[in-house]
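S.K.: Quick one: the structure is below, questions incoming.
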Amino acid sequence: MEAGGAGEVDHLAGERATAQFDVDHMKVAWAGSRHAVDVADRMARLVASDPVFRKDNRTMLPRKELFKDTLRKAAHAWKRIVELRLTEEEANLLRLYVDQPGYVDLHWGMFVPAIKGQGTEEQQKKWLPLAYKFQIIGCYAQTELGHGSNVQGLETTATFDPKTDEFVMHSPTLTSSKWWPGGLGKASTHAVVYARLITEGKDYGIHGFIVQLRSLEDHSPLPGVTLGDIGGKFGSGAYNSMDNGVLRFDHVRIPRDQMLMRLSQVTKEGKYVHSNVPKQLLYGTMVFVRQTIVADASKALSRATCIAVRYSAMRKQFGPQTGGPETQVLNYKTQQSRLFPLLASAYAFRFVGEWLKWLYTDVTHKLEAKDFSTLQEAHACTAGLKAVTTSATADGIEECRKLCGGHGYLNSSGLPELFATYVPACTYEGDNVVLLLQVARILMKTVSQLASGKQPVGTMAYMGNVQYLMQCKCGVNTAEDWLSPAAIREVFEARALRMAVNCAQNINRAPSQEEGLYELSPDLLEVAVAHIQLIIVTKFIEKVEQDIPGEGVKEQLRNLCNVYALYLVHKHLGDFLSTGCMTARQGALANQQLGKLYAQLRPNAVALVDAFNYTDHYLGSVLGRYDGNVYPALYDEAWKDPLNDSPVPDGYREHLRPLLKQQLKLSRL
Ligand SMILES: CC(C)(COP(=O)(O)OP(=O)(O)OC[C@H]1O[C@@H](n2cnc3c(N)ncnc32)[C@H](O)[C@@H]1OP(=O)(O)O)[C@@H](O)C(=O)NCCC(=O)NCCSC(=O)CCCCCCCCCCCCCCC(=O)O
Ligand SMILES: Cc1cc2nc3c(=O)[nH]c(=O)nc-3n(C[C@H](O)[C@H](O)[C@H](O)COP(=O)(O)OP(=O)(O)OC[C@H]3O[C@@H](n4cnc5c(N)ncnc54)[C@H](O)[C@@H]3O)c2cc1C
């Protein structure tokens, strides 16, 4: 836990003393409210103090033991949730701090939302209470061996049989085997299965069905159902706690009322009826989950930066030529220029995640009132932000590992496992490239409609300012001018719009729209990234413009916001220059200002990661310890490795001894 207990020494106390802001209030700004800080704190401590939730040995467990440990933790967490009568908010946080991927993530994260979003009221009344009490365990079975990104290409069939009023679920080919769903392999009793609906001889495309997979008596697969785990995954510990699974159906029958019928129905006679709603609502669960993944990006990146900042503050290498104490590696400008943009990104993703949650809630209310006008905006924002934040977070965690030097490569640093667990977020819930291409297509459509005078709305409203943004010139003359939110916003808007318009013009020159989209897809990706970065920067600026209590808190957030924006200017300078949004000199001034901002951030760095309020248990890193007492912890940790159980290793007699004896004989010749 945190420092301050009897006998504990805070090795980072000096760092904490230089903070120029009220850390307690920053915790509130980060968490969203005082209430959110208090609940999170209580749940984190509850988990950290419970021996069942220990995870320091996780990377050393063989897969079967790791999976059993996951089952044990999930069951224990549920027991605590029931015993303590935790609220939904508390229960979610408790699960977060248990920090071990498992079937419960998919049960609560996808199975329940799929039924809520696509089930009729009657279906919700039947299935949700069972799911809420864990009388059934569910997963989300969409992806197949042959198709994941292309949802319309799925092959599993659900053929309606009016004679028995049932659907027949079938996997006609090997490639139609469901492949990847988390929780499917060993834990789930039920799944929401996506399959092609066939009735009256006609294929109506992909629909969702609730299917029981395992017996509720003895957990064995039901007749006609083949089930298993798909095998070990990247990294030790990490994602191997999850039973990602394979599923095949051999003509398995389910009652008609297990088709999720909110959006479309099949009557007893086999007639297909589609409600008067956009068919994309079928993708609603994915939109919901993408939104939660953006919020999770800030959690993962803040963990990694917390570890790297604290360790960099205690780690010393080299010293001044004149002698004297060695330098904290955090004082090296190179360390700051690699680490501080990641710290700023963690805050940026936190606030854009908060905004995205608001947008999702707003869109949901509109959909309930049969207003579908914001569906495209919700799709573009969730898909694009999911792609940009997860890619940056995965890269950022790996950078933090390198920032911790050799010790970052040890499992006990927590960073290898964090990376291995996090990196599939770039793939699941939509491959990031596929999602960015979705955003780019919407941007191209918006550009093509500008000529007709159609005003873009929401996050694309800036595109309506086309006359100005296509020719404006950045007014920055000094490094300080880059501190103006208006100047930053304008160059990001101009860059995004000009890239989109250039790309649209190039597509129009192609023999066909389809060919143009295909040939220019690498450029389209960059167009989408520029647009999404604009959203993140804008939402950060808007956050800083709000009333934020606490001494110095607003100033620090403004600093972080400027770091995030100017770092992007520096990183993507090619875009800004080639679109003529700014000059090379202005680019150099941005970089100069960035250096100054890093210097201002330096004395606050440790306090800024303290504001995440993570326990040592949740961080799971000897390098990121709150007290900074890293070396004894690293030393102790090494001795816990099973390889150190005996001074002479297993295998010595068979493989080392004969070798050494042979060398001895040879040397005596
Ligand atoms: C969008 C697609 C790529 C393509 O869709 P289509 O084939 O329909 O074609 P179009 O591109 O032409 O689109 C038509 C039309 O629809 C619009 N559209 C598309 N999508 C949406 C949408 N979502 N909402 C609204 N509108 C949409 C599009 O703009 C077009 O409009 P116009 O006609 O006007 O132009 C689609 O195929 C697709 O989405 N593919 C991606 C597939 C995917 O995402 N699969 C996810 C599978 S589930 C999964 O991966 C689970 C991951 C688990 C995440 C859990 C997180 C919580 C817990 C975290 C920790 C534990 C993690 C555990 C994970 C585990 O192990 O499982
Ligand atoms: C850890 C993990 C957990 C998962 N959990 C679940 C789950 O619970 N339920 C579930 O249903 N699924 C799950 N999945 C599956 C996941 O949703 C898919 O893997 C994901 O949607 C990507 O699809 P794919 O594997 O078919 O990749 P592919 O589409 O085969 O991607 C391969 C490559 O092709 C590229 N590519 C594909 N299409 C295009 C295109 N149109 N244009 C340009 N490039 C393209 C991609 O960018 C990528 O580089 C999980 C996956 C993982 C890794």
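Keep in mind that glycine also has a Cβ here, set from the backbone N, Cα and C atoms.
The shown structure was predicted, so the numbers you read here are calculated from the model rather than taken from an experiment.
Annotations for this protein, taken from TrEMBL, read as follows:
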- 22-137: domain 'Acyl-coenzyme A oxidase N-terminal' (DOMAIN)
- Thr143, Gly182: FAD binding site (BINDING)
- 283-444: domain 'Acyl-CoA oxidase C-alpha1' (DOMAIN)
- Glu429: active site, proton acceptor (ACT_SITE)
- 485-661: domain 'Acyl-CoA oxidase C-terminal' (DOMAIN)
S.K.: Using DSSP, what is the helix/strand/coil residue split across the domain 'Acyl-coenzyme A oxidase N-terminal' (22-137)?
M.R.: 90 helix, 0 strand, 26 coil
S.K.: Quick check: in three-state DSSP terms, what is Thr143 (FAD binding site)?
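M.R.: Going by the DSSP assignment, Thr143 (FAD binding site) belongs to neither helix nor strand, so it counts as coil.
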S.K.: Looking only at the domain 'Acyl-coenzyme A oxidase N-terminal' (22-137), what is the model's average confidence as pLDDT?
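M.R.: A mean pLDDT of 97 is what the predicted model shows over the domain 'Acyl-coenzyme A oxidase N-terminal' (22-137).
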S.K.: Measuring Cα to Cα, how far is Glu429 (active site, proton acceptor) from Thr143 (FAD binding site) in Å?
M.R.: 10
S.K.: Can you count the other CB atoms that lie within 10 A of the CB of Gly182 (FAD binding site)?
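M.R.: Here the count is 26.
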S.K.: When a 10 Å sphere is centred on the Cβ of the residue listed as 'active site, proton acceptor', how many other Cβ atoms does it contain?
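M.R.: Counting Cβ neighbours of the residue listed as 'active site, proton acceptor' within 10 Å gives 25.
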S.K.: Which ones in the same chain are close to Thr143 (FAD binding site), with CB under 8 Å and 6+ residues apart in sequence?
M.R.: Lys178, Trp179, Trp180, Pro181
